[in-house]
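A.B. asks: Handing you this structure, nothing more for now.
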Amino acid sequence: MKLSTKLCWCGIKGRLRPQKQQQLHNTNLQMTELKKQKTAEQKTRPQNVGIKGIQIYIPTQCVNQSELEKFDGVSQGKYTIGLGQTNMSFVNDREDIYSMSLTVLSKLIKSYNIDTNKIGRLEVGTETLIDKSKSVKSVLMQLFGENTDVEGIDTLNACYGGTNALFNSLNWIESNAWDGRDAIVVCGDIAIYDKGAARPTGGAGTVAMWIGPDAPIVFDSVRASYMEHAYDFYKPDFTSEYPYVDGHFSLTCYVKALDQVYKSYSKKAISKGLVSDPAGSDALNVLKYFDYNVFHVPTCKLVTKSYGRLLYNDFRANPQLFPEVDAELATRDYDESLTDKNIEKTFVNVAKPFHKERVAQSLIVPTNTGNMYTASVYAAFASLLNYVGSDDLQGKRVGLFSYGSGLAASLYSCKIVGDVQHIIKELDITNKLAKRITETPKDYEAAIELRENAHLKKNFKPQGSIEHLQSGVYYLTNIDDKFRRSYDVKK
């Protein structure tokens, strides 16, 4: 009989053969080394991941909404009171999403003295498409010198793309693929509409965020999303910059998405033991959990209504929270409640004193710029920082609601854990708003017409003025016969 060479035991004492003893010893050493490596990795995992810096680009031209009301022949207050808008930013054919993204990113890099070699991810959120193949991110790589090892591309879903780019960046830093470098998120759009009721809800602007560990603004581990197929707002016509919009349906989609992400976020936060006194199993009690709330801002009036809607969610879970309100409203059919004007009006009034202290500061930029689409919620967040101030924000939690038609929505939150005065200084929002040129409605219409004429053109030189542009702003100079775009920087 042949003895197997694989036998590892011999003798009555069951001793291991020397070869097997050595193999076992080596295995133990390897396991010990792996444990050491794992312990070391745990010690070096990034902590306090969040926003280290923010920059915002607000175009230097705007139109006053009161003047636009007169120009459009609508009733006084339709745009200013009905929509809650004061001014609307716009650009002519000299600026596009490439130039506006280059402008805000270059300003972020310069204002925070960022070493671009230490950036390992750059992602862009936008719905303002110039090319169906080439990404905005690839254009921005011109600012990174010899650093070509940079992950990330563009992400698209209406106004939600900036948030998805942010989540991707946070996930990358917290993953095993992280190489120790920081990330940058760029988001923004040019929001314009065809003539009609939606035109005053436009706007323009870009935001860039520097993301990394040891940040003064740290994102919480809880977030919730709601995704659904809906034709509330979409852009199927590539021959035009204008969207197709089902206005009333889109408002309902926004409110429904807010309800759903609030319920999901509440359940997750409660299950993690983060909520001390919830309103119910799926309502965490907004007024006790969040110190401030920031929203995607199609219009400021919608945000005012939406904050009241959050309180209504708590009321449905526990009517005793607001004993002054008729308890019968808590039992209304849910679908009917989405468009119930009595509920809406009641909770706008209930929320009014809290809105003044916790939301209004975030709306100063949006009411003066209009909708920046993907940058909207982050422009509102920048507004909150600027008009509340670093001292009053210390230790405070901010809830953020991001919405993109089609639809995609998320509720997430961050906490201010360090001094943000330097961020407020670099944002320089008050001066940026003050230095703008307020154009006439005719000037606004002329700028939109220039954009219409420039759309999809090649062998084209833009006709718009650059006199209003400030130093450091990128602008379009030429589109050649192969649609390749050239830019310059205003001196």
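Don't overthink the numbers, they just go from 1 along the chain as shown.
Every residue gets a Cβ built from N, Cα and C, even glycine.
Taken from Swiss-Prot, the feature active site, proton donor/acceptor covers E127, H296. Residues annotated as active site, acyl-thioester intermediate in Swiss-Prot, with sequence analysis given as evidence: C159. Annotation comment: Swiss-Prot describes C159, T201, S250, H296, K305, N371, S405 as (3S)-3-hydroxy-3-methylglutaryl-CoA binding site, evidence class similarity to another entry. According to Swiss-Prot, the phosphoserine annotation covers S276.
Provide an account of the burial state, proximal residues and distances for the features listed.
C.D. replies: DSSP assigns E127 (active site, proton donor/acceptor) to coil in the three-state reduction, outside any helix or strand. Within the same chain, the residues at least 6 positions away from E127 (active site, proton donor/acceptor) whose Cβ sits under 8 Å from its Cβ are L156, N157, A158, C159, G161, D189, K235, Y373, T374, G404, listed in sequence order.
All protein chains considered, the CB of C159 (active site, acyl-thioester intermediate) has 31 other CB atoms within 10 Å.
Applying an 8 A CB threshold to same-chain residues 6+ apart, the list for S405 ((3S)-3-hydroxy-3-methylglutaryl-CoA binding site) reads A158, C159, A230, D232, F233, Y234, S250, C253.
On its own chain, S276 (phosphoserine) has K288 as residues at least 6 apart in sequence with a Cβ closer than 8 Å to its own Cβ. The DSSP secondary structure for S276 (phosphoserine) is coil.
Proximity of H296 ((3S)-3-hydroxy-3-methylglutaryl-CoA binding site) to non-local residues of its own chain (separation of 6 or more, Cβ distance below 8 Å) is seen for C159, S376, V377, A380, F401, S402, Y403, G404, given in sequence order.
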A.B. asks: Please work out which residue of T201, N371 has the most C-beta neighbours within 10 angstroms of its C-beta, and give that one of the binding-site residues.
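C.D. replies: Checking each of T201, N371, the winner is N371.
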A.B. asks: Based on DSSP, name the secondary structure state of S250 ((3S)-3-hydroxy-3-methylglutaryl-CoA binding site): helix, strand or coil.
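C.D. replies: S250 ((3S)-3-hydroxy-3-methylglutaryl-CoA binding site) sits in a helix per DSSP.
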